[in-house]
Every structure is written in structure tokens, then in C-alpha cells.
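As C-alpha cells, the structure follows; a few thoughts come after it.
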Amino acid sequence: MAKERGLISPSDFAQLQKYMEYSTKKVSDVLKLFEDGEMAKYVQGDAIGYEGFQQFLKIYLEVDNVPRHLSLALFQSFETGHCLNETNVTKDVVCLNDVSCYFSLLEGGRPEDKLEFTFKLYDTDRNGILDSSEVDKIILQMMRVAEYLDWDVSELRPILQEMMKEIDYDGSGSVSQAEWVRAGATTVPLLVLLGLEMTLKDDGQHMWRPKRFPRPVYCNLCESSIGLGKQGLSCNLCKYTVHDQCAMKALPCEVSTYAKSRKDIGVQSHVWVRGGCESGRCDRCQKKIRIYHSLTGLHCVWCHLEIHDDCLQAVGHECDCGLLRDHILPPSSIYPSVLASGPDRKNSKTSQKTMDDLNLSTSEALRIDPVPNTHPLLVFVNPKSGGKQGQRVLWKFQYILNPRQVFNLLKDGPEIGLRLFKDVPDSRILVCGGDGTVGWILETIDKANLPVLPPVAVLPLGTGNDLARCLRWGGGYEGQNLAKILKDLEMSKVVHMDRWSVEVIPQQTEEKSDPVPFQIINNYFSIGVDASIAHRFHIMREKYPEKFNSRMKNKLWYFEFATSESIFSTCKKLEESLTVEICGKPLDLSNLSLEGIAVLNIPSMHGGSNLWGDTRRPHGDIYGINQALGATAKVITDPDILKTCVPDLSDKRLEVVGLEGAIEMGQIYTKLKNAGRRLAKCSEITFHTTKTLPMQIDGEPWMQTPCTIKITHKNQMPMLMGPPPRSTNFFGFLS
């Protein structure tokens, strides 16, 4: 029986995407071989037969033996010159242009292009409209995709039929290409429903990681001991644990990240998994769970309640998500947007967007209605930050939160998560990484045009982390309990951090400059000695990363570079090579002998060094007068007033500090000296340089040829300030 054109199964499509993920080939590379290379013999006019198609897949996917069912399904999904027959495809042909177009779109085509291609795929009579029979085929494919995604298809067909009627904007009884593209790009996630965006198919699959167990653990499948100190596999999402050899027979993962039926929306139920009771005590009866003797006890994957098997009947059906409910999006709060009622779909905020503003994919296929009075947390993790810390943090958050709240930045980037959360009220963002990762997220938020800016907290990974220090999140994560950190986040307060635009205007010169790393300052900017040290540090770390894998080593390397810089003094008499203007007025540097100037948005630099220094309150009325002036004036250069100024990352002003040399910089970095020389506090600053000088923005150094640099206020970003540390009294007790 001939197979319907276009109806490649969702499982086949998912398998194809896996092959493409690991392939390095581009369609353009393969086409060259078919046009004038060794594969030209398979081309028949503008078409290829099944044998040629198999060769195309073999080269493009870099797989010697593509499964026959997959190659046949793909071959039969394209326009053909003859009636297809599953038993004999040797005489059939497909258009090479259709094949190349399809795979080019999968490589990364625009949503509009994908929608146009799918329209032509289902418009079998090529009359430019989709009639009722063609719409029925589309609904059939959507039902197959929904079944593959484990949705409740019993209630879905009438919903899809109603949705397809809504796409017919002019009520003509058919769907034009313009209506199809408009709907798919603004209101209806057609590409997801047709199986062309398959990232929703995560549920039911364990996320295994090897784990060595320091105490007795029992296999969830065969229930025998894995062995003390032996390695097994544990699922990051549900803690289902097995022997290596038992993994293939394991039951599906119990974690469903979103509701797949209308009846599951709104109320969350407990999801119990046997074992995994790490505390060893029942949360219901408070008695011990004998976890060392057999596979016993139950734990809920959402509230993390741990109970005896016999206590299950005493625990209610409904799950409140436990102590971290303020941060968690339970599956009952996330559901396919197609399950929303018709009026809700029509009034959706996405319907007001244009195609240029939106890429309807997985993020728009799901709708989020959070539990009232909660603050859903969107977590971005850079797994490369902090050595192996980033990966471990990613695993932990995937367990304690809904995995759909947690994004691997190296794999997904931040855009998908921001699109998913764009309409979620009272949401927060947690960035797990260094200052560079935080800057990346803030820049992406800038470009995302979100209706409301969610406040951002930082879990610092690795070294440095000046911004995290200023926001009271510490200098680096050291394996603390993440649940406690999330409870601290509940007590945090919002501050609006200034961000500054940097414009570098090079002079006409034959000398070539390094690229400027950023156009925005979040932390600091500097010229001269400290940038020179940072530049040498940066080059050495890129060349020999293994020598810079601890904070102590970094400090020693920095001190060594500072010592050599003090000998060569490459930035001596800096005032002869640059002039500084603050709010249009020149800053007098003539009586100073400086080798560096730092412009600070936050008081921390180089992993905790406070270049501005502490502000101590002296006695006398003059202090109060000076402090009042310092809190209001846009430009301050008076040394007496500067002594009273306290850095504030929300005051739309910058602190300007002079550095006398590398030795002073090294002393500040190693805490042997308190601060540099306070020069000014201002809301705008301009540098004019006459020779090539080292510079840095937020720890990223570069060499800059003669230029003009303008720093102006850009905007403010809501950030979360951690709660103040609890003090201890003389006897060591918390006060």
C-alpha cells in the first residue's frame, strides 16, 4: 500500500535528528558530489532514485548503514515521479531539490521557510490551498505526533479540528499558504504539532549518570545490592538506580515534566519511586527506614518526601512540592498550548507578535500557569564553569526542580529558556557560572524584549566572581546544600544594577587593534597596569590552562605577573598617553604619577579586591555635609567629599580610581593594601589615548590602538541581593 506523502513517523524523525546531531556534513557539501562529483551517476535529470537517496543519507549523516525503515520512510515522504511501492522502490525517484531543501531547513532554516515547505508538502494537488481532505491528513499527522509524545489523544481530535478552523482567518473553508505561515509563526505551534520540533520528547526517558556508592544501595530492577563502593547508574531526574547491566530493562522514568491531558492540569499528585530515601527517616512517622537491608521506602520526585511503604496510605494524594514549592513549576502548571480553550488561544499574548519577533517552537508549544503566590525559578547552568562543579550543579537542579526549568547553556543557550518563561508572572532567574556567564545572560535579556524583566541571582562557579561577591552570593560555590541556597534566594531583595555602554572609536592608524570583548560594562573597566597584568594572565591561561586550576595558583601567578610588570613598567607616566573627561570636564592628572585608571560600577575587582576602599565615618558636622553632596552630585572630584562616598551599584554613577603601579596593584590584590587613589565619581566618562594601551572590561583584556572611549549609562537590570550573613556572638552562637 502506498504511504501518505509527508507522514514520516515521529520516532523516525527523532532518530533522524539524532543522526544529524553527530554529523559534521552540510547539505551544500553533499550536493557538490551529486552535481559534478562521484555521485553524479545517481542523478536522473533533477531527481534521484532510492539507491542514490541511500548514498545521499550515507554521506550526509556519516553513517555506513542507515536503517532501511528510516531511509524508506524518508524516501517515501518526498514528491515522486511514480506511484510508490514499499516492496519495490528501485524505479521510483524523488526530486533532489526537495531533498536538499528539507535537510537544509532541518540544519537551521527560518521558521517561515519551514512552514512554507510543510505547506507545499501537504498541498498534494499543488493548487495553493489546503482543502478539507488535506487538512484531515494534517490532523492525522498531529495525532500521531501527540501519541508519540504520550499526550491523551482521546480529547485531542476535536481540539485540533477547532484549531485548524481558527487558522482559516477569512472563513473560506480552506487554508491558504499565507494563513498557514501566519498561524504557525504567531499563534499555533504547527512545527511542533507536525513533529518538526521534537525537543518535547524527553519525558519517560531516564537521564543516567555513573555513580559510585559509598553506602549500601539496592537496584530498583532486580532489587539486589549494587555493592558498597561499586559503580552503578542513577537517574538524575528520579533517582531510580540500577546495575549497569540492568539499565536496558529499566522501567520508564516516572518524571513527567508537563501535563499531557486537561485532567492533569492544575492539581499536582505525588509521584513515588521506590528507594532513594537518603535521610533514612520517614517523614510521616519519624521512624527509621532500614535502607541498608533491602530496597525499601518511597520518595516523591517533586516534594522529596521520604516514607515507609506502609505509610503510603496515610499520605494524601495531592503534592505541594515541599519546602522548595516557591521555586518549583510542577507538571500540573505546564501543558501543551493546544489544550488551552479556543478563546484563551485567541487572546494569547503571542497572537500580538509578528513573525520577526517570534520563533514558535517548543517554548511556545507549552503554556505555563504557575501555582499562585510562587516565584518560579529559571536556572541557567554553564557546565564548564568551576571545573566539574558546573556539571554537578546541573544534575542537582534537574532533580530538585522541574527539569524544564533548568537549561544547559552550552547545549541550549539562554534564548529557549527566556522564551519559555517570557509570560510567567513573578519569575526569577538563577545564573550558575562566572561573571562572564552572568554578562551573557544579561545581554540576552536585553535583546529578548521581555514584557517584564525578571530579577537575576547568581550561583558563582569558578574563581573571580566579583559581581556575585557584591550581591552577597559569595566568591564561589563549594558544594553547599542547594536547597539552603534556594531558601536564601527566597529572602533576597531586588536591587537595580546600573549597566554602562562602551563606545570605542579608533583613530586612523595602520596599527591593528584586538577586538573589543564587550560593548557593555557590568563590573568595571580599566586602562594601564592592571589591564596589562590581566592581559598577560589571560594569554598564559589560554596557553596553559592546567596551571590555572585553583584560586591559590591564580593568586601566585597574578603576583608573579605584577612583579615583572613593576620591573618593566610598560604603563609608566600614563597621564602623558591619555586624557580623561568626566561629564565633559577634563580631569586633572598633571600632579599624579599613575600607571593605571579603573572605572568601577561595583566595588569588587580581581576576585574580591576593593580598589575604592572602605569608607569610614569620622567625627564632625563636615562629614554629614560632604556625605550629602556625595550622594546627590553627578560629578565629584573634591578629595574631602570623595572620602565620604560609598559605592552604590544603583546610583547611575561610576567610581574612578588611580593606580600608582604594579606593586600597589599586587598589594591590593593580596590584601596588603586597602585601596587605590580616589579620583572622581561621575555619570559619564571619556578617554582619549595617543598610543596602544592594555585595557579590560569585566576581566576580559585586550590591546587597544589610539582611540576615544565613551562610557555612558545604558540601563538598569533587576538583580537579587542575597540576605546579609548571620552574625555570631562571642560564644559562636548565631545571633
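The backbone N, Cα and C atoms fix where each Cβ goes, glycine too.
Record note: Swiss-Prot gives D123, D125, N127 as Ca(2+) 1-binding, and the candidate from E112, E134 in that site is E134. Residue-level annotations in Swiss-Prot identify, among K91, K287, K484, K555, K484 as N6-acetyllysine. Listed in chain order, the residues near the Ca(2+) 2 site other than D168, D170, S172, S174, E179 are I129, I167, Y169, G171, G173, V175, S176, each with its Cβ within 8 Å of the site Cβ centroid. Neighbour density around each Cβ, counted as other Cβ atoms within 10 Å, peaks among the binding-site residues N127, S172, S174 at S174. Nearest by CA distance to K484 (N6-acetyllysine), out of the binding-site residues D123, D125, E134, D168, D170, is D168.
Summarising model confidence by region, the domain 'EF-hand 2' (155-190) averages a pLDDT of 78.
Look at the zinc finger (269-319): DSSP puts its residues at 6 helix, 12 strand, 33 coil. Calculated from their C-alpha atoms, the gap between D170 (Ca(2+) 2 binding site) and D123 (Ca(2+) 1 binding site) amounts to 19 Å. Taking all protein chains in view, 10 other C-beta atoms sit within 10 angstroms of the C-beta of D170 (Ca(2+) 2 binding site). A separation of roughly 10 Å, to the nearest angstrom, links the Cα atoms of E134 (Ca(2+) 1 binding site) and S174 (Ca(2+) 2 binding site). When secondary structure is read from DSSP and collapsed to three states, K484 (N6-acetyllysine) falls in the helix class.
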